[in-house]
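Engineer: Structure provided below as structure tokens; questions to follow.
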Amino acid sequence: MASPRSSGQPGPPPPPPPPPARLLLLLLLPLLLPLAPGAWGWARGAPRPPPSSPPLSIMGLMPLTKEVAKGSIGRGVLPAVELAIEQIRNESLLRPYFLDLRLYDTECDNAKGLKAFYDAIKYGPNHLMVFGGVCPSVTSIIAESLQGWNLVQLSFAATTPVLADKKKYPYFFRTVPSDNAVNPAILKLLKHYQWKRVGTLTQDVQRFSEVRNDLTGVLYGEDIEISDTESFSNDPCTSVKKLKGNDVRIILGQFDQNMAAKVFCCAYEENMYGSKYQWIIPGWYEPSWWEQVHTEANSSRCLRKNLLAAMEGYIGVDFEPLSSKQIKTISGKTPQQYEREYNNKRSGVGPSKFHGYAYDGIWVIAKTLQRAMETLHASSRHQRIQDFNYTDHTLGRIILNAMNETNFFGVTGQVVFRNGERMGTIKFTQFQDSREVKVGEYNAVADTLEIINDTIRFQGSEPPKDKTIILEQLRKISLPLYSILSALTILGMIMASAFLFFNIKNRNQKLIKMSSPYMNNLIILGGMLSYASIFLFGLDGSFVSEKTFETLCTVRTWILTVGYTTAFGAMFAKTWRVHAIFKNVKMKKKIIKDQKLLVIVGGMLLIDLCILICWQAVDPLRRTVEKYSMEPDPAGRDISIRPLLEHCENTHMTIWLGIVYAYKGLLMLFGCFLAWETRNVSIPALNDSKYIGMSVYNVGIMCIIGAAVSFLTRDQPNVQFCIVALVIIFCSTITLCLVFVPKLITLRTNPDAATQNRRFQFTQNQKKEDSKTSTSVTSVNQASTSRLEGLQSENHRLRMKITELDKDLEEVTMQLQDTPEKTTYIKQNHYQELNDILNLGNFTESTDGGKAILKNHLDQNPQLQWNTTEPSRTCKDPIEDINSPEHIQRRLSLQLPILHHAYLPSIGGVDASCVSPCVSPTASPRHRHVPPSFRVMVSGL
């Protein structure tokens, strides 16, 4: 029921459509021709104008049927359209013309939409403009062909961003903001709360992907970081988990309301809600949309209360359906007055949130046509606007330019176009207590954001942070811990000083002298240096400056290294001396002076100094700061703590530590080996050999434990310092106590213990040597126990033979005295045994004077070897008279006591210092049964 043309004559045939739409129209042409026109005629409820008023026809394309979901949009905006047409006619804005809106149902179907458009072109009047376009697919197809028909289209509900392409849709305008129009508003909101790090979560749908892509460009130009971009098709949980893994706190979501329920259920499972997170999602969902989808959410094991808990506080962004300003619009009414009239007008028809944009759209068309008529009137062409046809490029361009000049205040706010896009108002709503509350709005024209006072509500005391706030915190040594360990260290140093005083004061006591007091002093010195290093290890950035800390890196390394080498080297040297004497296979008297031990310790220190000097010269230690993984704030604040730890390191730290550990490790292993070899030495003259061995074990074990644990706890300075300090304290304290406490107890309970041992007597010459040399000990290794037992058994056997020979010699002497004329017959086997006894002097290599005299005498008189003497032989010349019984008796009476006296000391008999060779052996205090322990000769220290 289209109104007749103003000219009353058929117009020229329409021009062919542009190439993109021509093919589709040709395909549908056989179907379109038999059908009747689909115009709905006048807008329902609008009064007919007087017959004398020429109409200005407008093509209305929108879904109207109830069978289509979006048909409610078309039906919902018609009351607003009727109100606008009435008000325009009443104001005589287009006099003498009137608006003739002819409605065509597109049914949100591409084919039916094209058919409606073709019917309007073929059967209807010449339409000046196209009003409508709701469904994106239908709208985009028609809008692409408008330039060929010189028609300008104005949509009130098509928000798809693809229509913003002016190269493809140059004649398309819309009063409703595009979906992309929310991006500048989001940018403004991010800046308002100083959120500079966000993440995006997008449903794999073209509409949302386009918004996301545009948002990325907007944020990129404003230096806002998009730390993570996630998309999903059906299951958003994986994407939500990735966002959490990347520490995304501000999430910009683009998804429909059905997926929104799944997203928030996943957010609840991942604990991505509450005071630490802020979700920003589309605000165009249906009212109470969560009530409609919670059943589906429950099917995914997400209860309604869980969904609401995760949704609490989200911010929705959408265009403002009506302006909230109390300002009169172009119609002379405020938005609130219009809304009341609209509600009265719709009379049972469901409302549409686009009704305000449809209302302003009619006013845009009226104002555009008014400006176009003014332009035609001012031109010299004398053309009337009702003379428009689809081939009139000039009038089409005039209408297009008039659309771009639109600028007025409507019920939806300021109406102005920029490249065909509405610069409208964007509102922000927040989900609070199961309802959406408006909290602010963004004016695109003025580029201003207005937050309504006290309406926006965050779940924390402040807006969420855009990322985890990282508080770099230097891990320091605890002051109480440092104080306690320092106090223990001071006590240890006082104890070491007391031991040093004790050692110096009693250095002339034989008990102390036999334990090498000079080496003991070195042990004390090394212990005190080790104690001193504890103070330096506890000084970090909380006590000293960075430059001082770097200096301490070198100083404490040197002090600990030198202290360790001094103490352990002295113990090592003393253990080596015991081992060297104890392993003396030749049974020689062995003298190892303290000077030689000092050389050993000095050599170890020299090696240390060479390593340390090269280390310092080539690759010195520097202060480095190591960053560790973030830790939650113990106070529960929305921050994470990144521990920083100071280290003393250099470029080739591993190599230098390897050299030092290899050298010290080999030395320690060798020391432990020597201590193990001499573990059974228990000789009073070596009064601290066993304790020195125990000290070596102590140092070795504690150092290994300390080095291993210090590496494992390098990220915990308090634990590391505590372990290192305790290892040094225990190691030094136990060592000093093992070395000095037994001596202290012995001197206190038995001051003469060193001189009362009857198993060790010193000669006069050895006593003189005590002031110059150290103890020389002859001993046997435990590994040679069988050999020792054999020698002891042989010693006992020979002593028994001596006793038997004594008796035989006494009998011979008595016989010689009774028969001086006769030659006494001595049994050859007795001579042989006695001769063997004489030869034992060579085995012992003793320096006794009596044995040397006897040996020389026998060498000069080989005839005295009794095993070769024949008793029946008689003297035939003066030379042979020396073997006469008188000579034999005289020699035996003088030489046998000397022989007896000289031999006994070598097997545990009389003291070698006995001045009278004629004294009976039984008179000597040493002429007694030898206990089953090996006897040694000891020279004084």
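A Cβ is built for glycine as well, from the same backbone N, Cα and C atoms used for every other residue.
Pulled these features from Swiss-Prot for this protein:
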COILED    781-819  coiled coil
COMPBIAS  773-787  compositional bias 'Polar residues'
DISULFID  Cys108-Cys135  disulfide bond
DISULFID  Cys237-Cys266  disulfide bond
DISULFID  Cys265-Cys302  disulfide bond
MOD_RES   Ser776  phosphoserine
MOD_RES   Ser779  phosphoserine
MOD_RES   Thr819  phosphothreonine
MOD_RES   Ser884  phosphoserine
MOD_RES   Ser893  phosphoserine
MOD_RES   Ser913  phosphoserine
MOD_RES   Ser916  phosphoserine
MOD_RES   Ser920  phosphoserine
MOD_RES   Ser924  phosphoserine
REGION    763-790  region 'Disordered'
SIGNAL    1-41  signal peptide
TOPO_DOM  42-483  topological domain 'Extracellular'
TOPO_DOM  544-551  topological domain 'Extracellular'
TOPO_DOM  619-654  topological domain 'Extracellular'
TOPO_DOM  713-720  topological domain 'Extracellular'
TRANSMEM  484-504  transmembrane segment
TRANSMEM  523-543  transmembrane segment
TRANSMEM  552-572  transmembrane segment
TRANSMEM  598-618  transmembrane segment
TRANSMEM  655-675  transmembrane segment
TRANSMEM  692-712  transmembrane segment
TRANSMEM  721-741  transmembrane segment
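Buried or exposed, and what's around them? Tell me for each listed feature.
Structural biologist: DSSP assigns Cys108 (disulfide bond) to coil, not to a helix or a strand.
When secondary structure is read from DSSP and collapsed to three states, Cys237 (disulfide bond) falls in the helix class. A sphere of 10 angstroms centred on the C-beta of Cys237 (disulfide bond) encloses 16 other C-beta atoms.
Its Cβ placed at the centre, Cys265 (disulfide bond) has 25 other Cβ atoms within 10 Å. In the three-state DSSP reading, Cys265 (disulfide bond) counts as helix.
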Engineer: How many neighbouring Cβ atoms, not counting its own, are there within 10 Å of the Cβ of Cys135 (disulfide bond)?
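Structural biologist: For Cys135 (disulfide bond), the 10 Å Cβ neighbour count is 24.
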Engineer: What residues elsewhere in the chain lie close to the transmembrane segment (598-618), defined as a C-beta under 8 angstroms and at least 6 residues from its ends?
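Structural biologist: Distant contacts of the transmembrane segment (598-618): 518-519, 522, 554, 557-558, 561-562, 565-566, 569-570, 572-573, 576, 656, 659-660, 663, 667.
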Engineer: Measure from the CA atom of Cys108 (disulfide bond) to the CA atom of Cys266 (disulfide bond) and give the result in Å, rounded to a whole number.
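Structural biologist: Between the Cα atoms of Cys266 (disulfide bond) and Cys108 (disulfide bond), the distance comes to 34 Å.
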Engineer: Specify the secondary structure state of Cys135 (disulfide bond) as given by DSSP, simplified to three classes.
Structural biologist: coil
Engineer: Rank the disulfide-bonded residues Cys108, Cys266, Cys302 by how many other Cβ atoms lie within 10 Å of each Cβ and give me the one with the fewest.
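Structural biologist: So among Cys108, Cys266, Cys302, the disulfide-bonded residues given, the one with the fewest Cβ atoms within 10 Å is Cys302.
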Engineer: For the topological domain 'Extracellular' (544-551), could you work out the same-chain residues 6 or more beyond its ends whose Cβ comes under 8 Å from its Cβ atoms?
Structural biologist: 621-623, 646, 648
Engineer: Determine, to the nearest whole angstrom, how far the Cα atom of Cys108 (disulfide bond) is from the Cα atom of Cys265 (disulfide bond).
Structural biologist: 33
Engineer: Going along the chain, which residues at least six beyond the ends of the topological domain 'Extracellular' (619-654) come within the CB cut-off of under 8 Å?
Structural biologist: 275-276, 460, 464-465, 468-475, 540-541, 546, 549-550, 552-554, 557, 714-715, 717
Engineer: Sort out the residues at least 6 away from either end of the topological domain 'Extracellular' (713-720), same chain, that have Cβ-Cβ distances under 8 Å to it, and list them.
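Structural biologist: Residues packing against the topological domain 'Extracellular' (713-720) from afar: 475-478, 481, 540, 626, 628, 643, 645, 647.
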Engineer: Can you name the disulfide-bonded residues among Cys135, Cys265, Cys302 whose CA is within 10 A of the CA of Cys237 (disulfide bond)?
Structural biologist: Cys265
